[in-house]
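Quick notes on the structure that follows.
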Amino acid sequence: MENLISLVNKIQRACTALGDHGDSSALPTLWDSLPAIAVVGGQSSGKSSVLESIVGKDFLPRGSGIVTRRPLVLQLQKIDDGTREYAEFLHLPRKKFTDFAAVRKEIQDETDRETGRSKAISSVPIHLSIYSPNVVNLTLIDLPGLTKVAVDGQSDSIVKDIENMVRSYIEKPNCIILAISPANQDLATSDAIKISREVDPSGDRTFGVLTKIDLMDKGTDAVEILEGRSFKLKYPWVGVVNRSQADINKNVDMIAARKREREYFSNTTEYRHLANKMGSEHLAKMLSKHLERVIKSRIPGIQSLINKTVLELETELSRLGKPIAADAGGKLYSIMEICRLFDQIFKEHLDGVRAGGEKVYNVFDNQLPAALKRLQFDKQLAMDNIRKLVTEADGYQPHLIAPEQGYRRLIESSIVSIRGPAEASVDTVHAILKDLVHKSVNETVELKQYPALRVEVTNAAIESLDKMREGSKKATLQLVDMECSYLTVDFFRKLPQDVEKGGNPTHSIFDRYNDSYLRRIGSNVLSYVNMVCAGLRNSIPKSIVYCQVREAKRSLLDHFFAELGTMDMKRLSSLLNEDPAIMERRSAISKRLELYRAAQSEIDAVAWSK
């Protein structure tokens with residue numbers, strides 16, 4: 001069972017070393033789940049004397065006003081008889097103190113290091129472990145004494161600040177409260193009892209200690225309180241007799257003081273029947289046994305909390321990403337790896353693993369055919385326009401059989417209008433690819449760490465897409481222009497035969513501009529243009545996919561990679577300038593994860609029975 005208190009001691013020390021003081025923060029706290037005994041009392045209540053009596057050593061700073069200005073986590077470890085007793089501070093891990101006057105001075109010095117030489121207070125605890133044959137395994141937290149007025153050099157808020165600090169410890173359900181009250185004062189006004197009842201109205205966590213019993217007025221005693229008939233608590237009150245100021249001045253040692261305490265309760269008529277339940281030695285043993293029971297009951301819940309929190313912290317740490325490499329090669333590798341992840345996500349969008357790529361197909365299957373269908377050839381093939389273009393093409397020599405130049409001009413003027421839908425398809429696919437770049441950037445978790453790299457990758461990808469669009473537009477419009485520059489001969493070779501089948505080809509050339517003839521020309525041109533549209537409907541998507549989609553998958557960041565190879569250390573570092581908030585969060589999560597893993601190992605190493 002003694003291992004359980006040692007276990008909690010180790011975890012408490014790890015908590016303090018890694019910044020978990022149980023204060024409110026955005027991080028999970030292990031400190032709050034650990035059972036502890038907090039010592040609460042007003043100034044001059046005898047709180048320090050009780051602690052020194054339990055330890056059996058003079059080691060606490062003394063003086064007027066507020067002496068305890070930081071929580072002192074006092075961890076007592078029983079060692080074998082005959083072994084020399086010593087003390088260790090968590091902040092001085094390799095130094096053993098055998099002179100307890102030096103311990104007192106170090107407590108004062110460490111307090112001043114945190115608070116300055118003012119009379120301010122701090123919630124950051126000091127950890128002190130004392131190893132002695134004369135103690136029981138016990139952990140106590142000495143809190144600043146409650147006060148009603150501020151002294152010179154202290155802020156007006158000190159009274160409330162101390163109360164808030166004390167309350168922050170004792171209001172936690174795993175905290176056992178040791179309420180110190182002087183017997184020579186009215187218990188109804190006890191600061192310790194008052195605040196304890198506020199946070200623990202049922203008294204399930206509160207132990208009462210009466211000090212200065214030997215200083216009560218003649219004719220009065222504390223029997224009713226100690227017997228539980230007055231100011232009743234769930235656990236029995238314990239009376240103690242501490243050294244007087246005169247004893248302290250005379251350097252009366254603790255062994256003699258404990259002996260005198262035992263004799264006082266044994267020899268005083270009023271308390272003789274309670275003697276075996278009084279005194280600092282009984283108090284220490286009672287608290288040690290109670291703390292053991294509480295720890296044992298809490299261990300399963302602590303284990304469950306630790307295991308759950310470790311998983312949560314590991315998940316968040318993974319999401320935050322790895323810390324930045326220090327050397328140029330490491331930085332370059334990190335950037336390339338992040339870019340590779342982005343590129344992979346972008347390809348997954350195009351290949352259908354992620355949503356978005358289907359929009360490109362929709363352009364070819366719906367948007368382009370619909371745009372071609374909406375083209376208005378009526379204007380080019382209106383009767384007046386056909387007559388105008390045919391006669392202009394003939395010049396001063398009318399055509400003999402078929403108005404070839406007229407056909408060419410009519411076809412060219414109609415096919416040119418296809419450039420609009422072709423160009424629109426290129427632009428639409430470009431917009432889709434840009435949107436997929438932004439989506440891929442947002443979905444690349446690693447890019448969230450580095451805002452500068454995020455901007456550079458986005459800009460580089462968009463710049464590449466812009467160049468690909470220009471190449472695609474040029475190639476696609478060339479397809480349209482090729483249809484204008486060379487007509488499909490086989491289509492027109494059939495026209496004379498059709499003419500012969502339909503009538504007299506030797507009809508007067510002056511009658512060939514009649515409406516029937518012109519309509520026939522218009523019909524032939526429209527048939528040819530429709531044939532061209534059908535062909536371009538298939539070839540334009542191929543050109544766009546080849547020049548834009550395929551190239552985006554192959555070489556979206558090639559130019560950026562080439563630039564990376566020329567960057568110096570300063571430029572690479574600027575790309576990996578991480579958001580300070582993320583850096584701080586990762587550092588905090590790493591420390592807290594280290595704490596929980598250490599606690600996990602400590603619990604696993606202790607043999608305890610459920």
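The backbone N, Cα and C atoms fix where each Cβ goes, glycine too.
Here Swiss-Prot gives region 'G5 motif' for one range in the set 117-120, 241-244, 277-280, 553-556: that range is 241-244. Segment annotation: Swiss-Prot labels region 'G4 motif' over residues 211-214 (candidates 211-214, 535-538, 563-566). Each of the binding-site residues Asn242, Ser244 was assessed for Cβ neighbours inside 10 Å, and the highest tally belongs to Asn242.
Residues within less than 8 Å, Cβ to Cβ, of Lys212 (GTP binding site) and separated from it by at least 6 positions along the same chain comprise Gly46, Pro182, Ala183, Asn184, Asn242. Over the domain 'Dynamin-type G' (31-300) the predicted model carries a mean pLDDT of 88.
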